[in-house]
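Working notes, beginning with the structure itself.
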Amino acid sequence: MESRCYGCAVKFTLFKKEYGCKNCGRAFCNGCLSFSALVPRAGNTQQKVCKQCHTILTRGSSDNASKWSPPQNYKKRVAALEAKKKSSTSHSQSLTHKDQAIAERLARLRQENKPKSVPSQAEIEARLAALKDEVQGPIPSTQEMEDRLAALQGRVPPSHTVRPAHQAPDTRTQAQQTQDLLTQLTAEVAIDENCQPRASASLQNDLNKGAARSQRTNSQGQASQSLEEEKYKLLAEAAVELQEENTRQERILALAKRLAVLKGQDPSRVTLQDYHLPDSDEDEETAIQRVMQQLTEEAALDEASGFNIPEKPAPGSRAQPCKAEMEGPQAEEEELPWCCICNEDATLRCAGCDGDLYCARCFREGHDNFDLKEHQTSPYHPRRPCQEH
């Protein structure tokens, strides 16, 4: 069962909290427990009590029976009910038990079939007028309700927080923004120029105005001279860079023609458009190295594809196997004939370890039982340089 106020029967909620009367101990809301009195149970201290306990504690109990007598309407209803019971008991005394049960059922049916009292039009209008005349408190606004809820939750009320100012997005294009910035800078320069005559006027009022004028003339001459020197310096740097660029292009073209001659191509058909020219910011050595790398890669591709490679003359001496045998290892990195772990002379090659060389002891120690069974080995004999006869 939901807990309700003993005085107004309202439910206890978050906003309607439950309080207890210090005298009678019943549960009341804050509105019904608005009286204060000295309570003997609490050591004759001022406590919150209900209206009934406040009346008893302040005025004292009265022995007058008329004060506690029920209303007159209640007395009349009780008297009519007692008279009806007496008449029914006197009438039912002459009936049997079955007849009394039937009579009670008939009386109950008659009570149920009686038409209920319908209020008249005047009563309904009076009740509506009374409801309209009731004084209603002001309805709190949304802002007040949000502030109260924030206070209950322990937060800062929204009305006290500073809201950030709304800044509209900039819908201007980049060209418009640049133009506006230039206009702003022009206006600032104009303001600065307007402020300069005041300073010159203050200098004219000085007794040493002749010296000030000469100093200003000298400073202007020095500024113009420095601008001229800077202009000539920039022109000289541009000429040097242009000359370096031309020299670099000529060197790249010469290298490309030499490579074309080595390939057996016509060097007159080689142009700078066939190669990626370096940027002007690159160093000359870096650019040459990059172009050389590009040309070398192209030559390697041509050699791999067999395009435009001259045929090698067939050797006729007996030393051909030895030379062919020496060209392969010397073209690539020469293999070192010792163990890859202890640098002792290698005796076998392990195919399961990407062809690494081992001595017998390091091979046993570096392989477990599974590797010894799975890895295939072959004896290794270091290559010796052949002698021509």
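Just so it is clear, glycine is given a Cβ too, placed from its N, Cα and C backbone atoms.
The Cβ of Cys50 (Zn(2+) 2 binding site) has 24 other Cβ atoms within 10 Å, all protein chains considered. What Swiss-Prot records for Cys21, Cys24, Cys50, Cys53 is Zn(2+) 2 binding site, and it gives sequence analysis as the kind of evidence.
Here Swiss-Prot flags 167-177 as compositional bias 'Low complexity'.
Annotation comment: Swiss-Prot describes 214-226 as compositional bias 'Polar residues'.
What Swiss-Prot records for Lys132 is SUMO2 cross-link, and it gives similarity to another entry as the kind of evidence. For Lys132 (SUMO2 cross-link), the number of other Cβ atoms no farther than 10 Å from its own Cβ, over all displayed protein chains, is 8.
Marked as region 'Disordered' by Swiss-Prot: 158-177 (among others).
Residues or ranges marked as region 'Disordered' in Swiss-Prot: 204-227 (among others).
Residues annotated as motif 'MIM1-B' in Swiss-Prot: 252-265.
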- Query: If you average pLDDT over the motif 'MIM1-B' (252-265), what do you get?
  - Reply: 78
- Message: To the nearest Å, how far is the Cα of Cys50 (Zn(2+) 2 binding site) from the Cα of Lys132 (SUMO2 cross-link)?
- Response: 29
- Could you measure between Cys24 (Zn(2+) 2 binding site) and Lys132 (SUMO2 cross-link) for me? Cα positions, answer in whole angstrom. 36
- Item | Chain-mates of Cys21, Cys24, Cys50, Cys53 with C-beta within 8 Å of site centroid, Zn(2+) 2 | Lys22, Asn23, Gly25, Arg26, Phe28, Leu33, Val49, Lys51, Gln52, His54
